[in-house]
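Annotation comment: TrEMBL describes A:6-34, A:41-58, A:95-115, A:135-160, A:189-210, A:222-250, A:262-281 as transmembrane segment.
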Amino acid sequence: MTWVNAIVQGLLLGGVYALFACGLSLVFGVLRIVNLAHGDLTVLAAFLAVVATGTLGVNPLVSLVVVVPVMALLGFVLQRALLHRSLQGGELAPLLVTFGLSIVLQNALLQTFSADTRSLPAGEFGTASLQLGDGLAVGWLALSTLVVAVAVLAGLQVVLARTPIGRAMRATSDDPETAALMGLDDRRVYAIATAIALATVALAGVFYGMRGTFTPTLGPQLLIFAFEAVIIGGLGSLWGTLLGGLVLGVAQAVGAQIQPSYGVLAGHLVFLVVLAARPSGLLRRKELR
Amino acid sequence: MSALLRVRDLDAYYGHFQALSGIELDVDAGEAVAVIGANGAGKSTLLRAIAGLVAQPAGAHVELDGVELRGVPAHRRARMGVSLVPEGRKLFPSLTVRENLLIAASAAAGRSRDGERRWSLDAVYDLFPNVGRLRDRPGGALSGGEQQAVAIGRGLMAEPRVLLLDEVSLGLAPVVVEQLYAALGTIAASGMAMLVVEQDVGAALRLAGRVLCLRAGRTALTGAASQVTAAAVTAAYFGK
Amino acid sequence: MTDVPTTPAPTTAPRVSRTTAASRVAAVVALPVVLLLAALPYLAAPNVTRLLVDLFTLVLLATMWNLLAGYGGMISVGQQGFIGLGAYAVLVADLFGVNPYLGLVLAMVAAAVLALPTALLVFRLHGGYFAIGTWVVAEVYRLVTVEFRAVGAGSGASVTGLSAVPPVLRGAITYWCALAAVVVAIGGVYLLMRSRLGLALTAIRDEPTAAATLGVRVRSAKRIVFVVAAAGCGLAGALIAVDSLRVQPDSVYSVQWSAFMIFMVVIGGLGTIEGPVLGAVVFFAIQQLLAPYGAWYLVVLGAVAIAAALLARRGLWGLVTLHRDVRLLPTGHRLRQDR
Ligand SMILES: Nc1ncnc2c1ncn2[C@@H]1O[C@H](COP(=O)(O)OP(=O)(O)OP(=O)(O)O)[C@@H](O)[C@H]1O
Ligand SMILES: [Mg+2]
């Protein structure tokens, strides 16, 4: 039963990872930028929720009403102010810029909020669980995180595949110059993509914060988890990203079941095995990036 | 009355290399002008400069219906009615044929809300029947001739006032070129201004009323298509 | 054809030159400077040489990261993995009673050996994903290291084998090791870039597909660079260990090392040999000045790196050489027409 439990908890954890990963995947798919500040932006969202819940006295879930639009706006501005310029500087510039941003965010958070461990108490909803049999309970919060992750990924998939803005994103990602000939403003398309990505980052940050604890220096770790989910699943496939998140979550939970300190390591090892055996990921789709 | 597209003193640079110097050109509504010249003469650069993909230096003028386009970025020019069918077709591989066509319609969205739309998916499918059959194929999985038809259709979906075509015939069988130019003939007859870059001088001259021949970025010859002799073209191409 | 007067042939054919005026001066000046630095333990107080050990370690790291990114086109944020390995190699050597200074060599070997399988894995990734991939591998090294009780698990351990050596002598030996490491690293990169491999790397950086079709063995060239850079970082880690006499996993395996390396190289000038050295000096000065301000100094560092990546792509060295031909260590070929 403990193993079944570990797997179930791992799947639920994987939901969070999938949520982390979809923003990274989207920015890479559309802008061709690997955003090395992705994890720190997630942590920033969690801290914004700390401030919002503190000042407004609301439940973290309610704080999403503020945090999601603020992060989306930040994404828009970030793209306009930094990322777009870096795109003109060849392959290295975006990496250097986002890595610099990661250092800035991390240390600014550290100075502002200290190194203390935080969490976002979600009240009764955060602690209640669904009993599925003896020894097997599923937290409502964990379950709803997974549901949100699936919904966000499905939503993104629909936006990309069926809406005009999704079409514009795919076209701009294919060839920004020709897209401009079609009347598409690449700066706007990129900025909207980044805004959407950071909205998902906001969701990920707040849900992560409700599920566990976080510190200002957690960002790099989250970036790594998001990255592993993306690569395990296969670059460019959103459903692959979900699968990658779930595989990573299960690997970590099972590893931790063997010995607590093996959790993260087990995740890394599964990632390396996938990289060695199936470098294009479990679900690589060629046509949709 | 000035021409629909008016180009004056147009220079273009790639870094320090000057690809165009002092180009002057007028294209009226309903008129087709052929741009010819040897490889590297600057034909594509001319079209790209008009479309806004190559920077327009101070002192150079590109006007659409009397409106100066300097400083207007490519995507806004597209929305104003300058549509370039680029060299190499450049279809979007992640989009289906239908989506490739629809994506250009967004360029026309702002302008033709009040005025009636001339081009629609059905109109393009009527013009190029095989495009209709291929509508759900990805843009990357087409033959050269099919790609060119989609690229022209896509250019039309932007509801251009000026249509710029770069090397329509490149790499295509003569019979396919014939069909494409027949279609372009009907479009020209409907009153659109066209600037056609061609290596296939014969094809271009059948469509165009006037011709502009470039050599090393400068105008080497210009005149009515009917007046231009083969010898004059050869001389303009290669220099005396 | 009529008689065309032939243009007189130039009296001398153009020559390919591999030196500049500045480089000849540099060659003459370098030796006395190195000798002076070598004599420093006899001339200056131990705390000066101690600071210089830190600086030399930074120069070594910057040179290695530049080799990877500036010449090899590989952005790594996982070099701390090799720094940590190097530090732990000293610790393990120490455990077995081997002289920690000998551990410096073992550290290079250990890092180079582990770099081979690492390259096999991370070379499957490209661009930014390569960067994070190296980071994951560094994390794996750290997580595996802390599983071993013998080296102090999560809290680390001290290097004990040097306690018999008098501190002044120990400081001097460490200093000489660091100086030698820097000289070898800069000289090595210089020679590497002037060799056939350097030419291949330049071709790969400029046009990877064309280089591959022309028979440049892209993968093996990159692998050599990766292994050399790993060895260099391992050496840096070992220097940190013999200098501080204490190895803590969270510190030697910290991603902050990558941040520092990136900062030094970007500020100094990517893709030159002089740039990273200059960057290391600037970084070292900033670190000394701003360290009291805690994390704010890292905020400033990050912001400056962003600005440099966007605005001054060629770094400080690029500004210095903007209108002058002052390449001290030229790696390219130049055509000269002698009159
Ligand atoms: N991106 C670029 N950077 C530098 N030079 C360029 C660039 N594009 C074109 N050129 C140069 O500008 C000149 C004109 O090029 P252009 O593409 O306009 O020629 P073209 O007449 O269209 O030739 P073709 O018939 O081969 O298509 C050429 O000498 C070319 O080498
Ligand atoms: Mg051309």
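Every residue gets a Cβ built from N, Cα and C, even glycine.
Note that TrEMBL annotation is computational and uncurated.
Beyond the ends of the transmembrane segment (A:95-115), by six or more residues, the same chain brings 33-41, 43-44, 47, 50, 78, 82-83, 86, 215-217, 219-220, 223 to within a C-beta distance below 8 angstroms of the stretch.
Simply put, out of A:6-34, A:135-160, A:189-210, A:222-250, A:189-210 has the most Cβ pairs sitting under 8 Å from the transmembrane segment (A:41-58).
Tertiary neighbourhood of the transmembrane segment (A:222-250): same-chain residues 6-7, 10-25, 28-29, 36-40, 42-43, 102, 149-150, 153, 156-157, 160, 208, 267-268, 270-271, 274-275, 280-285, 288-289, selected by CB-CB distance under 8 Å and a gap of 6+ residues from either end. Using a Cβ-Cβ cut-off under 8 Å and counting only residues 6 or more beyond its ends in the same chain, the transmembrane segment (A:135-160) has close neighbours at 1-2, 4-5, 8-9, 11-16, 18-19, 22, 26, 122, 125-129, 166, 169-170, 196, 200, 203, 207, 210-211, 238-239, 241-242, 245, 288. Within the same chain, residues 16, 19-20, 22-24, 26-27, 30-31, 35, 38, 41-46, 48-50, 60-61, 63-64, 67-76, 78-80, 83-84, 87, 118-122, 126, 141, 145, 148, 152, 156, 159, 165, 168-169, 172, 179, 222 sit at least 6 positions outside the transmembrane segment (A:189-210) and bring their C-beta atoms closer than 8 Å to a C-beta of that stretch.
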